[in-house]
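S.K.: I am attaching a structure below and will ask some questions about it afterwards.
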Amino acid sequence: MAQDTPVIIIFDSGLGGTSILKEIISLNLSQQLIYVADNQYLPYGLQTKDFIEKRVCEIFSSLNQQYRIEASVIACNTATAYAANSLRGKFKFPIVAMEPGIKPAINLTKNNNIGILATEGTIKSSRFISLVDRFTSDQHKICIIPGVGLVEEIENQSTSNKKLDAILLPIINQLLQEEADTLVLGCTHYPLIKNKLKKLLPEIQIVDTTKAVLNVLTGYIDQIHPSEQKTILFMTSKDEETYLSKIKKLTNFSKIEQIEFVK
């Protein structure tokens, strides 16, 4: 690829960011899309703050040397929590970061009982704690649930197996017991099972920030639409033969080419 070709980076620890990638594909932009999955260290929710901050900054430094990045999306709530500030201090290109949609949940709830489903790493982060403190008050009852094991099962595309159901059952029961009427999806992997959650929780409003992130991104970039959609480039940090077929299935887009691995 020519060094002067403008690039949009979509970064996640795995396949969760395909939920936002699918929306970006629908825009049919002239920029080259590169999806980066650091799947060697999946899930980020089990990694330390220092590791994630250092790792993500190193990956973006390498990408910045190779490509002319017009904008990037941190399609991982845990990476946002631990690395977004450092990235913004190092690079001039816009960095759009995913965060749990607590503010929209506050606007949607009717009974002030809100559930937040997120990874352990996100929940422990000072950024998440500050986000909850900023938008909630004493009148709100916040039920924070760690989605232990969910990312791994979603990566396996186990959207209907018994193991995924077993992980979801106590989560569903807790939300019902707490009488939550709104659920925030605090990890980009979770929208991949949004339809399943809707069936299990038909009375609960489900909030994810995919559309909001797309709106922010389009405010930063030139929207020029070519006559033919570009091939998306896809790189990982761990060679998995099934990953390319998985990303094609999740995005419903076949023009995806796997390139060199992230080191």
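If you go along the chain as it appears here, the first residue is 1 and each next one adds 1.
Even glycines carry a Cβ here, placed using N, Cα and C.
Automatic, uncurated: that is what TrEMBL annotation is.
Take a look at what TrEMBL says about it:
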BINDING   Asp12, Ser13, Tyr44, Gly45, Asn77, Thr78, Thr188, His189  substrate binding site
ACT_SITE  Cys76  active site, proton donor/acceptor
ACT_SITE  Cys187  active site, proton donor/acceptor
S.K.: Among all protein chains shown, how many Cβ atoms are found within 10 Å of the Cβ of Gly45 (substrate binding site), not counting that one?
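M.R.: The answer is 25.
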S.K.: For the substrate site (Asp12, Ser13, Tyr44, Gly45, Asn77, Thr78, Thr188, His189), what does the 8 A shell look like? I mean other same-chain residues with CB within 8 A of the CB centroid.
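M.R.: Surrounding the site, in chain order, are Gly14, Gly16, Pro43, Ala75, Cys76, Ala79, Thr119, Gly121, Thr122, Val151, Cys187.
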S.K.: Radius 10 Å, atoms counted are CB only; among the binding-site residues Tyr44, Thr78, which position scores highest?
M.R.: Thr78
S.K.: Return the residues near Asn77 (substrate binding site), defined as same-chain residues 6+ apart in sequence whose C-beta is under 8 angstroms from its C-beta, sorted by sequence, else 'none'.
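M.R.: Counting only residues 6 or more apart in sequence, the Cβ neighbours of Asn77 (substrate binding site) under 8 Å are Met98, Glu99, Pro100, Ala118, Thr119, Thr122, Phe128, Gly186, Cys187, Thr188.
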S.K.: What's the CA to CA span in angstrom from Ser13 (substrate binding site) over to Cys76 (active site, proton donor/acceptor)?
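M.R.: Just about 7 Å between their Cα atoms.
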S.K.: Going by DSSP, is Asn77 (substrate binding site) sitting in a helix, a strand, or coil?
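M.R.: In three-state terms, Asn77 (substrate binding site) counts as helix.
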S.K.: Give the sequence-ordered list of residues that share a chain with Cys76 (active site, proton donor/acceptor), lie 6 or more positions from it, and have CB atoms under 8 Å from its CB.
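M.R.: Result: Phe11, Asp12, Ser13, Gly16, Gly17, Tyr44, Met98, Cys187, Thr188.
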